[in-house]
Amino acid sequence: MVKFSREYEASIIPEWKAVFVDYKCLKKLIKRIKIARRDAGPPPLLAAGETGSSYGFSVLDPVRSIAARFAAHHAAASSPEGEEESLESDSGELVRSTDKHEQEFLEKADEELDKVNKFYLRILADVKRILADHAAASSRRGRGRALGRANSMPPPSPSVNGSSGRHLLSGLASPQSMSDGSVELQQARVAEGAAVAEEVMAALERNGVSFVGGGLAKAKKDGSGKQLMGRAALLQLPATVRIDIPPTSPGRAALKVWEELVNVLRKDGADPAAAFVHRKKLQHAEKNIRDAFLALYRGLELLKKFSSLNVKAFTKILKKFVKVSEQHQATDKFSEKVKRSPFSSSDKVLQLADEVECIFLRHFAGNDRKVAMKYLKPQQPRNTHMITFLVGLFTGTFVSLFIIYSVLAHVAGIFSSTGSPTYMDIVYHVFSMFALISLHVFLYGCNLFMWKSTRINHNFIFDFSSSTALTHRDAFLMSASIMCTVVAALVINLFLRNAGATYTDALPGALLVLSTGVLFCPFNIFYRSTRYCFMRVMRNIIFSPFYKVLMADFFMADQLTSQIPLLRHMEFAACYFMAGTFRNQAYETCTSSPQYTHLAYVISFLPYYWRAMQCLRRYLEEGHDINQLANAGKYVSAMVAAAVRFKYAATPTPLWMWMVVISSSGATIYQLYWDFVMDWGFLNPKSKNLWLRDQLILKKKSIYYVSMMLNLALRLAWAQSVMKLHLGRVESRLLDFSLASLEIIRRGHWNFYRLEHEHLNNAGKFRAVKTVPLPFRELETD
């Protein structure tokens, strides 16, 4: 049976861990009580102060003890007023007379209860006031003035985060708004825009813009023909549904704007291209609204989980306390205090969750509950042993085939000095490419395993769907299957070569065609959602300045900066097979031509260029953040160092050697500083952990110091380029492959600490739900 403490630690929301009950600390205090009681020996049955006598035992002592306890309980029950205020004093007096450790436990438990309540109340504090204001405003204003409500709204309270109006549920995304009642605040803002939303969505539906799964439900009308806003319509769109409306005649101006927006799709003679663009914009806006409702629902589900887990934790710890201390009266009073606490007794979150569910069911699922639950409560993929079995099967097959290939290559003398250089030149590029991909996927699987073990919410950080995201077993399966296929192709190629078959070098080309077909396969096989996500991220990277940069985009771009050898191998494979040179094996065509050399320069710079463009895009989007410019400078310095190394390889003179040392050393120092300080959050001189950071997920600090040294050593791999190593063809290829593998290992090692730092930033800001930008501009009020 799993202990509750382990179950509790595994169930809490990682980003909100700081505001959950510190169950482990309370458990330690109970252990102190137990040790203190054991050292003090068995307590007497009756205190001398209570009986007025210190003489021995009596047969009436048990009766007197029960009567005294009953009298104390009756006295406490007869004074219900001020019970909560007298809890601390009553329990304190009782505990002080027995043991200081028990008093310490109750004080700590009270602090934890206060912490949980404050966090919960911060979310719900302003909702009643805002809803009351909305109800009063709705009663004063008619339907005609509802469209101009954006201009007539009073300025927000100073306690409300001014930037939260642009996003639904942004209150769960920042520490400032977390202290401002943000979840229910967003609910109230949804209510503020209800009148606008109902008319707008109905107008869009009448003009051919449909919602996912079905049309918009019609609003009911009373006898006078006016539309009645049902409770479900209250949460239809947030108050950020605002249009720039002049102060004069706001209702007429708003109607004109919406009429122009809708009629552009239906107007006779409208430009089809313009109509298509507007349709795409509206579809994108609808998707953002749907995602906002999903984020809102998830936030409410997290609040329900927060409440239930804390109630269960208090219940469990109080049972342990009363069992050890026998302080029944204090425990009962504290239990009543927990039950009366807002996070335990309030049902507001449940009502809001039901309301959001009703609205999503109505407007985004066509009243189909099964479809709505598919979005609101997606089913988690069930772990099966089949994937584990396949990982073992492919791994064993790979090892066996690799041994067979090594024996055959040794017998055929492929890697000897007298072996065929053509085989090494051709096969090396193609199969090294797949080996590097497989190694990177394997290390990503190790990252996934470590992130899961340390409860780093990588799916939330990357904005991946938990129902389709890769697990570490999936990554291991992909890596093992790739290597098994590659080594099998190597063995077949060697057999055909020894048999004297023609066009044996076409086999690597067939492997490339097969892998490309699997990547672009439109059928729902071979992890289609992951493949499509990969292609979408690669598109965003290639066109970096023109797409918004997300976490997954620049994280993948960082991976590409460590895969420059892979890109060089891909360059050769494309040259060799697409140019048709496999017919005469003209290897020199793809190595010595000027076009090939120039293309090699470009390919070596591309990952750094893409990453620099992403930094510039983020610099413009994030309010001219100077850190993004500094980050772009890091990649520019890497490009300069790579260019100098290329020049030194072409003209190995002492001058260029010193230029390599200076430029590469400067770029390495720049990169190491950014790795340790900006990406990992280390080298903080004021940290309680020497030269690390205050919060660490791994328990052993020595791991962090070893990781820093390892990252430093692997960053200096460029030093071999200035060393005059006299190596043969095979040894040179092996060294290049080893250095490329070490860089991938360094990147996989870097990935863990990068996401650990990001996760701790999210936890520090209680960011557990993504911020969804809505497709409406916020109107600035006076």
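Cβ atoms are placed via backbone N, Cα and C, with glycine included.
Residues annotated as compositional bias 'Acidic residues' in TrEMBL: 81-91.
The average pLDDT computed over the domain 'SPX' (2-335) stands at 59. Sequence annotations record features per position, and here TrEMBL assigns domain 'SPX' to 2-335.
TrEMBL lists 591-782 with the feature domain 'EXS'.
Among the features that TrEMBL reports, region 'Disordered' is placed at 75-103 (among others).
Per TrEMBL, the feature region 'Disordered' maps to 138-179 (among others).
Residues 420, 423-424, 473-474, 476-477, 480-481, 483-484, 487-488, 490-491, 494-495, 497-498 of the same chain, all 6+ positions outside the transmembrane segment (387-414), place their C-beta atoms under 8 angstroms from a C-beta of that stretch. Under the heading transmembrane segment, TrEMBL lists 387-414 (among others).
Counting same-chain residues at least six beyond the ends of the transmembrane segment (426-450), those with a Cβ under 8 angstroms from any Cβ of the stretch are 456, 458, 470-476, 478-479, 482-483, 485-486, 489-490, 493, 505, 508-509, 511-512, 515, 559, 563, 565-566, 569-570, 572-573, 576, 585, 587, 733, 737, 740-741, 744-745, 747-748, 751-752, 755. Annotated transmembrane segment per TrEMBL: 426-450 (among others), in sequence order.
Taken from TrEMBL, the feature transmembrane segment covers 475-496 (among others). Tertiary proximity for the transmembrane segment (475-496) is limited to same-chain residues at least six positions away from its ends with a CB under 8 Å from its CB atoms, namely 387, 390-391, 394-395, 397-398, 401-402, 404-405, 408-409, 412, 414, 427, 431, 434-435, 437-439, 441-442, 444-445, 448, 504-505, 507-508, 510-511, 527.
Listed by sequence, the residues of this chain that lie at least six past the ends of the transmembrane segment (508-527) yet keep a Cβ under 8 A from its Cβ atoms are 426-427, 430-431, 434, 470, 474, 478, 485-486, 489, 493, 534-535, 573, 577, 582. The transmembrane segment annotation in TrEMBL covers 508-527 (among others).
Sequence-distant contacts of the transmembrane segment (655-674) (same chain, at least 6 residues past either end, Cβ-Cβ under 8 Å): 631, 633-634, 637-638, 640-641, 644-645, 647-648, 711-712, 715-716, 718-719, 721-722. Residues or ranges marked as transmembrane segment in TrEMBL: 655-674 (among others).
What TrEMBL lists as transmembrane segment is 702-719 (among others).
Within its own chain, the transmembrane segment (702-719) has Cβ neighbours under 8 Å at 641, 645, 660, 664, 668, 671-672, 675-676, 682, 689, 692, 696, 739, 742-743, 745-746, 749-750, 753, counting only residues six or more beyond its boundaries.
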